[in-house]
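Heads up: the structure comes next, in structure tokens.
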Ligand code: BF8
């Protein structure tokens with residue numbers, strides 16, 4: 001069965017489409033296994049939700065006050081308070097961005113407070129990213145004479161905290177340090193410079209509460225303002241602060257996919273976003289005592305696998321094999337081989353525990369924000385750091401005991417593994433190409449036609465991972481270098497596209513270059529906060545080429561958006577002048593083309609119109625920031641749209657190809 005949503009100009013996949021089109025054979029195998037065992041997954045729950053609410057899909061319902069819920073339709077063009085379509089749709093999008101900012105903000109807070117605790121000697125983490133400490137100290141004009149690394153790192157973290165929480169109109173340190181001068185001037189003129197992450201979240205909820213802002217264009221400006229707060233207080237902040245703690249990643253080869261799990265080993269999965277507890281658990285697992293204990297329990301060793309963004313972080317820094325993403329978390333449990341899954345924050349779906357209970361997998365939660373009924377809860381709090389060492393040890397002991405005690409007769413590990421190269425920090429990418437100048441030259445001469453960052457979640461509205469993989473294959477075939485993060489990166493890692501051998505699938509020019517450098521054409525740069533790495537690369541390359549980012553052959557692509565966090569990612573890139581291509585629209589009513597009056601053929605169509613869709617996809621936003629949103633649910637057409645966009649940019653620059 002397929003689900004047809006004309007309001008989105010797209011067909012949603014049914015069960016058979018998903019099972020046929022999902023590119024990873026291991027996922028197909030596990031989806032079938034869960035179905036055969038009658039254990040529910042997102043696919044069953046997705047079916048049960050059909051048809052999904054047409055008002056919700058288009059952003060046409062408002063639940064912001066107790067007069068509602070109100071829905072906008074032909075008979076009721078306004079909510080009870082008088083809110084019209086523009087105000088309702090824009091208000092919903094702005095609120096989604098605020099929620100995404102809250103999620104990344106909470107993550108950032110944990111990492112910043114961890115630096116402070118480590119610098120004060122309350123946590124045993126050695127601050128491995130010394131270069132980043134000195135770089136940020138210089139950018140923030142911190143006096144470093146007579147200060148050691150720890151003291152300086154603590155001060156840097158305090159500056160980052162201020163960017164997260166400032167309540168006054170002073171400039172954000174991170175934005176001042178890293179945003180391009182042309183953009184700073186533009187954002188000043190547009191009046192969208194933010195105060196801080198926390199202030200802009202508060203202001204957004206304030207503006208959209210009952211009787212708040214009645215001007216949708218002011219909400220659109222707040223969307224940009226909040227995206228800048230999101231970018232500089234949480235993306236740049238978290239990404240760099242994590243580098244201060246655990247080091248700046250360097251490329252490394254590993255193996256990925258469900259086949260890395262081993263029947264005769266203790267299998268532990270690390271899942272979530274903030275890698276602090278995960279790093280400590282890993283330290284314990286690698287210790288000789290724990291390795292011996294695993295053997296004493298009858299295991300041949302311990303396998304650690306990564307899921308979602310914590311998985312990306314561990315892959316980047318330690319080459320820990322990653323397994324899967326948000327929509328694979330139940331499937332990973334379905335192997336029956338996972339003894340424990342350790343989860344920190346975000347994208348840990350309630351369905352995980354249901355599956356875990358069916359296979360005797362221990363679920364251990366480590367963040368007070370992400371409790372799961374029935375799970376072991378061993379929280380990490382950088383402001384109460386005293387028990388971290390014992391807590392990490394307890395987590396490992398729970399996993400070992402789970403291996404020892406549980407029934408292992410239901411194990412089925414799909415034997416699919418791929419080689420992959422992870423660990424692409426911004427510096428590592430630049431170094432691999434021999435410096436910014438050389439990379440910019442490859443772009444100019446057309447060896448690399450453009451750079452697309454292909455990122456984001458999975459969504460059951462798209463055949464699982466199909467669009468990510470299809471689009472990216474087409475892009476590299478056409479000479480477009482790809483950076484990737486988050487759930488998308490797991491799809492591409494498992495598809496073998498992040499291994500140096502994937503160069504064979506690229507255009508002649510890109511293939512030769514990647515072969516010569518020994519790198520893949522798809523660079524997994526980390527978790528979602530590490531989209532900051534791709535953005536920094538775009539900014540630095542534009543500067544190197546003597547151009548503005550908005551004129552460069554770059555694009556941001558989110559084929560399968562799911563979490564509210566993705567709204568902020570997209571708008572961050574838009575604010576910097578990088579156009580977006582999304583697999584289907586955020587809840588915005590897409591204007592549906594209709595036949596022109598007196599049309600002789602089906603080709604003569606009038607494009608429908610509404611203000612918010614026109615703002616994002618037409619000239620409204622474009623005239624302000626030089627970027628717009630393209631929506632294309634069909635992946636081959638999407639890749640074609642990206643190619644055309646990049647070609648237009650190259651023509652505009654007078655660059656060949
Ligand atoms: O931050 S891509 S589903 S895992 S939100 Fe979540 Fe989306 Fe995955 Fe990481 Ni990002």
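Glycine is treated like the rest: Cβ placed from N, Cα and C.
Note that this is a predicted model, so its numbers are computed, not measured.
Taken from TrEMBL, the feature [4Fe-4S] cluster 1 binding site applies to 53, 61. Look at residue 53 ([4Fe-4S] cluster 1 binding site): DSSP puts it in coil.
Summarising the environment of residue 70 ([4Fe-4S] cluster 2 binding site), the number of other Cβ atoms within 10 Å of its Cβ, over all protein chains shown, is 19. According to TrEMBL, the feature [4Fe-4S] cluster 2 binding site maps to 62, 65, 70, 81.
Among the features that TrEMBL reports, [Ni-4Fe-4S] cluster binding site is placed at 273, 309, 347, 457, 487, 528. Sequence-distant contacts of residue 457 ([Ni-4Fe-4S] cluster binding site), defined as residues of its own chain at least six apart whose C-beta falls under 8 angstroms from its C-beta, comprise 325, 326, 347, 486, 487, 488, 558, 560, 561, 562, 563, 566. The secondary structure of residue 457 ([Ni-4Fe-4S] cluster binding site), as reduced to three states from DSSP, is coil rather than helix or strand.
Fewest other C-beta atoms within 10 angstroms, among the binding-site residues 53, 65, 81, 528, are seen around 53. The binding-site residues near ligand 1, defined by a Cβ under 6 Å from one of its atoms, are 309, 347, 457, 528, chosen from 70, 309, 347, 457, 528. Cβ crowding, taken as the number of other Cβ atoms within 10 Å, peaks at 347 among the binding-site residues 61, 347. Residue density at residue 309 ([Ni-4Fe-4S] cluster binding site): 31 other Cβ atoms are found within 10 A of its Cβ, drawing on all protein chains shown.
Rounded to a whole value, the Cα-Cα separation of residue 61 ([4Fe-4S] cluster 1 binding site) and residue 70 ([4Fe-4S] cluster 2 binding site) is 6 Å.
The CA atom of residue 70 ([4Fe-4S] cluster 2 binding site) is located 34 Å away from the CA atom of residue 528 ([Ni-4Fe-4S] cluster binding site). The Cβ of residue 273 ([Ni-4Fe-4S] cluster binding site) lies under 8 Å from the Cβ of 107, 308, 309, 310, 344, 345, 346, 347, 527, 528, 529, each on the same chain and at least six residues away in sequence. You'll find the Cα of residue 62 ([4Fe-4S] cluster 2 binding site) roughly 13 Å from the Cα of residue 53 ([4Fe-4S] cluster 1 binding site).
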